[in-house]
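For Asp28, His215, His217, Asn251, the entry in TrEMBL reads Mn(2+) binding site. Residues annotated as domain 'Pyruvate carboxyltransferase' in TrEMBL: 19-280. According to TrEMBL, the region 'Regulatory domain' annotation covers 404-531.
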Amino acid sequence: MTQADQPRGASATASKDRVKIFDTTLRDGEQSPGATMTHDEKLEIASMLDEMGVDIIEAGFPIASDGDFAAVSEIAKNARQAIICGLARANLKDIDRCWEAVRHAARPRIHTFIGTSPLHRAIPNLTRDEMADRIHETVTHARNLCEDVQWSPMDATRTEWDYLARVVEIAIKAGATTINIPDTVGYTAPVESADLIRRLIAEVPGAADVTFATHCHNDLGMATANSLAAVEGGARQIECTINGLGERAGNTALEEVVMALKVRGDILPYETGVDSRKIMAISRRVSAVSGFPVQFNKAIVGKNAFAHESGIHQDGMLKNPENFEIMRPVDVGLTETSLVMGKHSGRAALRSKLKDLGYDLADNQLQDVFVRFKALADRKKEVMDDDLIALVQAEERAAEDRIRVERLRVVCGTDGPQEAELTLTVDGEERSSTATGDGPVDAAFNAVKALVDHSARLQLYQVSAVTEGTDAQATVTVRMEEDGRIVSGQSADTDTVVASVKAYVNALNRLLVRREKAGKDAREVSYKDVG
Ligand SMILES: CC(=O)SCCNC(=O)CCNC(=O)[C@H](O)C(C)(C)COP(=O)(O)OP(=O)(O)OC[C@H]1O[C@@H](n2cnc3c(N)ncnc32)[C@H](O)[C@@H]1OP(=O)(O)O
Ligand SMILES: CC(C)C(=O)C(=O)O
Ligand SMILES: [Mg+2]
């Protein structure tokens, strides 16, 4: 075994075989249309990969451009522990350029490849024999430059068995230390993936002296399954990318294979040197620099991978997280599971969430807030913490209010005048009014004035969104002044006009309290009977 073949990390145990993680986010990942990263971004990602314990970083394709060459060279210079690898086609110029870039690394690797299937042999227009000679020549050349050489028969899974076995043997004899078997077009299936590696190791002379690697693409959604099957067949290097970034449907996702081996060590007795707690951070960074968002339900790193909205699951999670989670969030770098509050949530989650927010409600209060919460959740995709706080505060305020908003309808649009039809309960008596105004809020405020006669002057009217999105709750604040007394009112609702009227009424209620406190009889307020 050469120095380059030694697995990293001190965690290898007698019972578990070590599987090397080869990350190609910066090479195959960057080949995704639109995923190009800048020089500095590549350096940053390489450093994070090195830090998290990836064994080999494929840093780029040095002949592809001066920029790629510069990035691979600098990553090679900065590498702390990882092997730094560059890709090269099966020609001497590519291999020389690759070596120029990776040779700065403490542990450099040249990765050279050529397509060996009937379809791919036609690309450079070579016969079987001509290609075999080319493989011998180029792998020998690479090995003369570098002691760590990886060779890949591109489209191996669509290559005839006899030819594949023949060229793998040639590459091993020419000095390749790692033989990578790519499923370039995501065509294979788990049983076949395992069998192919097993058969190569069993039948190709010299196979026992090299590491076999698996490189899968996800065209049929089987990349992770195929990679793990290949490991069961004898592969000891998995090629993968962060978030599964890569050509077409992507490559095997690093986070998936690492966590599968960690969580299912009972049936997959293999280990990696990757510190899984660094997964979330690098996933977010790769998503940001590549511009590829991670789908919400993506395994391990998706926004919903450790989130629960439905009441039965939330209740189960609160009783024991193992009820609905097979991994601890902390093991992938998250601080906690998130209980998302939405229309499927129940009282157990609401009580727990409110407690976290500092509200320890009695059962009857909780029930009131729960009813209002469900009504809000029916109108809004996700109820955020601030929405809940607004609900509880409104509940607290409403308890002693003499004036309550019952119903409001507004007519608005380009062809004014805007009109509001409002029903309030005042000291238990229902009263209604219709008013017009300059805009829906003005019309609604005029309707309030028609029902509650007062001389308070509106000093401030302010609207802000509690949370994000067009379905966000609007928080409205109003400030009013009467005889030197200043009161303010606040309310939140997904309907801005409703929130405005409720904030106005909230201020009026406070005004009544202030008047009472000032020794006046609150009933001095005269209510116009327009009902
Ligand atoms: C499955 C994979 O991921 S393979 C890697 C794919 N990645 C990339 O292609 C990204 C980087 N590529 C590039 O920047 C460019 O394609 C370059 C610089 C490598 C080559 O550019 P060009 O010289 O303009 O060639 P072009 O891209 O048009 O065509 C590819 C050439 O490489 C040849 N070729 C392709 N693969 C190999 C190989 N493994 N070994 C030898 N030659 C190869 C093709 O036959 C073709 O040459 P030809 O025109 O003489 O037939
Ligand atoms: C270059 C090779 C290994 C590759 O990316 C593929 O075949 O998918
Ligand atoms: Mg690939």
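Along the chain as shown, residues are numbered 1 onward.
Each Cβ is built from the backbone N, Cα and C atoms, and glycine gets one as well.
Features recorded in TrEMBL, as mapped to the structure shown.
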residue	record	DSSP (3 states)
Asp28	Mn(2+) binding site	coil
His215	Mn(2+) binding site	strand
Asn251	Mn(2+) binding site	strand
Asp28, His215, His217, Asn251 excluded, remaining Cβ within 8 Å of their centroid (Mn(2+)): Thr24, Pro182, Thr184, Cys216, Ala223, Glu239, Cys240, Thr241, Gly246, Glu247, Gly250, Thr252
Lowest local Cβ density (other Cβ within 10 Å) among binding-site residues: His217, Asn251: His217
Per-state residue totals over the region 'Regulatory domain' (404-531) - DSSP helix, strand, coil: 37 helix, 53 strand, 38 coil
Integer mean pLDDT for the domain 'Pyruvate carboxyltransferase' (19-280): 98
Cβ atoms near Asp28 (Mn(2+) binding site) (within 10 Å, other residues, all chains): 24
Cβ neighbour count within 10 Å of His215 (Mn(2+) binding site): 29
